[in-house]
Amino acid sequence: MIIGIASVLVPCIIGLAFQTGRLLVVQGLMEKMEIIGFTALQATTTFPVVSHLLIELKLTNSELGRLALSSSLISGLLAACLELSTILATEKHGPMKVALTVLLGLFAALVLRPAMLWVIKQTPQGKKLHSSCVPIMVAVAFLYQIAFDALRQSQALGPFILGLAVPSGPPLGSAVIETLEVVTNSIMFPVFVATCAMRGDLYTMVTMGFSNRGYYARAILASLFVKFLSCLLLSLPWMPRADSAVLALIMCSKGIYELSVFAVQRDTQAINESLFSLCLGYIILNSAIIPIIVKYLYDPSRKYVGYQARNLFSLRPNTELRVLTCIHKPHHVGYMINLLDIICPTEENPIGVYALHLVELVGRATPMLISHQKQKAVSDNCSIEVILAFNQYERRTYGLTSVNTFTSISQPKFMHDDICTLALDKSTILLLTPFHITWALDGSIESEDNTMRALNSRVLERAPCSVGIYFNRGNVRVYDGAAAPRSSDASSSFSSAYSVCVLYLGGRDDHEALCLATRMARDSGLELTIHHLVSKEDTNTTNRLSHERMIDEVVLKEALQKVSNLPNVKYIEQVVEDGPQTAMAVRAISSNHDLFVVGRRVGVDSPQTTGLAEWSEFPELGVIGDLLASKDVETKASVLVVQQQKQFK
C-alpha cells in the first residue's frame, strides 16, 4: 500500500513542482493540461505493464513479483482517481463525467458481477459456458471502452474496471482468456506496437528545438529518478538493498499502456508529433533496458541455497518430521495419505504435514498462495476435497500428525517457486510430489502429464530440502477417503504386514532412503527388507571411491544397529557384477513387496549400475527408480524415489 501510493504521489508532486515555471509561462489551458497529463503519466505504474514484465522474466510467483503486482494495482487505481479529480477540477462538465464514471464502476460491481456469478452457478461443474456468454462479455467490454472514451477517460480504463468485476478462474474468466488471448497477444499487440513505432518520427524529435527537447528529456529523467528513489527508500526497511533496487526498477517500467495513451493523445492532437516521438523513444529504451538490469540483479532461486541441513539423515532423534505433500489431482490424495501412514508418526516422532494443492492459473493475472484455516467455511473452495481429506486424516491420527493445507493457484511453469518457497518457510525436511505417470489398477498406463514432469524436474533442481517422487503402479491397497487404506478388490487378500523394501547401493540419496525406511520399521504392522546390492569390486578398489564406500558401510551398519531389536526387519545382501545383473535382481523381487524406497543416485557412478543410465527413460527417477517404472518390469508395487537435499556450491 505504501509503495503503491508513494510511487505515484511523490513523482507527481515533485514533477509538477519541477514544471511550475513552465506552467506559469504557458497561457492556454490545453498546453497546461498537456504538461500535467505528461507528468502524471510518467509518475504512474500500471498493472498490465508490470504483469507482462514479470511473466517475461519468470518472476510472477517470487516474493518480489507478488509485491510488485500488488503495488502496481494500487498505483493504477490511485492514478485513475487522480485522473477523475483532474477532470472534476478543470472541465466544464467535470462533475457529470465523474458521476457517470463512478456509476459505470458501480454497475459493473453491483449488477454485472452478480449476473456473471449467477451464470456460473447455472453451469454444471466441469462443463463449458453457453456459447453466447463470451461474445456478450466481449460486447460489454467494447461498450465500456466506448463509454469511457466518450467521458474523456483512458480507453483502457473501462475494460480494466470490467475485468476486475469478472469472477476469476473457470468457467467464465478462463473462457474469456482463451477466446481473446490468441487474437490480442499474437495479432493485435504486435500490430499496434508496430503501427505506433511507424508513426514516430526521429527527424521531428531531433528538430523540435533544443529548449523543448531538453526540457521534456529532463522532465522524463527527473520523474524516473524521483520514482526510483522514492520506491527504493520506502522498501529499504523491509528488504535487502539489491531487492529494493529491483522493485524500484520494476515500478519504473513502461510499456504498452503508456504507448497506447500517447498514441491516443497524438491522434487527438493533445500532444504534438515531436513529443510523441520523444516519448516513444523513451518507452522503447525503458522496456529494453529495465528487464536486462532486473534479470542481472535478481535471481529468486538464490534464497533456496541454505547452509542448514534439511534432510532425514541429519534429523535429530525425537524431532518432528515436517513433510510437504504436493497434490495435483484428486487421486493423489489417497496415495499421499497412505504414504504418510507408512512413515509411521509416533508420540516421540510426530509428523507435521503441509498439504499443497496445485491449481493451474486460468482466467486471472495474479497468482495466489492461500493458507486455509480449518475453522473457516470452505464450501466454495476448489480445494475442498483435499482440505476435508487431510483434516480427516489429522483427526484419525489422534494428535500424532498436525496438518496445514494450502492452495497454490499459478501457471505450471512457475509452480515450483510456490512449492520451494513454502518448503523453505516451513522448514520442511521432506518434499513429496507425485510422478507424472498414472497407472490403472491392472498395471497399464492410464495417463501422462508432461507439464507435471517438467515441474518435478524444476523442484528437484531447486528444492531446499530432500525430495521424494512417489508413484503407484496399480497397488490395490488405496485410501478410500474414510478411515484407513483398504483394498479396492474384495477378492484380494493381504497379510497383516505391509511389505517395504529399500534397495541400498550407497551414496547420499541411498542414505536418505535408508533413514526413511528405518523410520517406517517402527510400525509393527509393517515388514521392512533392507536389500543390499554389493559389487564384487568393492574389496579390490583402492582409489578415492573406497573412502565413499567406507562411509556407505558405516551408514548401513548404524542403520542396522537401530533396527537390530525389531523382529519385522530383515537384511539381505546380494553380490552383483554390473548393471544387467542389478536389473535382473530388481526384476526378481519387483512383485514381492508393496512399496520400494530407493535413492535417486544422480551423478553417482558404481559398478552395480554400469550401463543402465544409457537406457534410462526417466532421469528424474534415477537408474533404479527408472527400472521400477519401466514397462519391462511387471509389478504393481508403489515406489518412492528419494533425493537428499542438494549441496549447492
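A Cβ is built for glycine as well, from the same backbone N, Cα and C atoms used for every other residue.
Caution: TrEMBL annotation is automatic and unverified by curators.
Features reported for this protein in TrEMBL:
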type	residues	note
DOMAIN	2-295	domain 'Cation/H+ exchanger transmembrane'
TRANSMEM	35-55	transmembrane segment
TRANSMEM	100-120	transmembrane segment
TRANSMEM	132-151	transmembrane segment
TRANSMEM	171-194	transmembrane segment
TRANSMEM	215-239	transmembrane segment
TRANSMEM	245-263	transmembrane segment
TRANSMEM	275-298	transmembrane segment
DOMAIN	353-474	domain 'Cation/H(+) antiporter central'
DOMAIN	498-645	domain 'Cation/H(+) antiporter C-terminal'
* Between 100-120, 132-151, 171-194, 215-239, 245-263, who has the most Cβ pairs under 8 Å to the transmembrane segment (275-298)? -> 245-263
* To do: Would you confirm whether the transmembrane segment (215-239) and the transmembrane segment (100-120) meet the contact rule of 3 or more C-beta pairs below 8 angstroms, pairs 6 or more apart in sequence?
  => no
* Asked: Should the transmembrane segment (35-55) and the transmembrane segment (132-151) be scored as in contact, given a threshold of at least 3 Cβ pairs under 8 Å and pairs 6 or more apart?
  -> no
* Tertiary contacts of the transmembrane segment (100-120) (same chain, 6+ residues out, Cβ under 8 Å) -> 84, 129-130, 133, 140, 144, 147-148, 151, 153, 158, 161-162, 164-167, 171-172
* Secondary structure composition of the domain 'Cation/H(+) antiporter C-terminal' (498-645) [DSSP: H/G/I, E/B, coil] -> 62 helix, 36 strand, 50 coil
* List the helix, strand and coil residue totals of the domain 'Cation/H(+) antiporter central' (353-474) as derived from DSSP. => 40 helix, 41 strand, 41 coil
* Kindly state the mean pLDDT of the domain 'Cation/H(+) antiporter C-terminal' (498-645) in the predicted structure. => 85
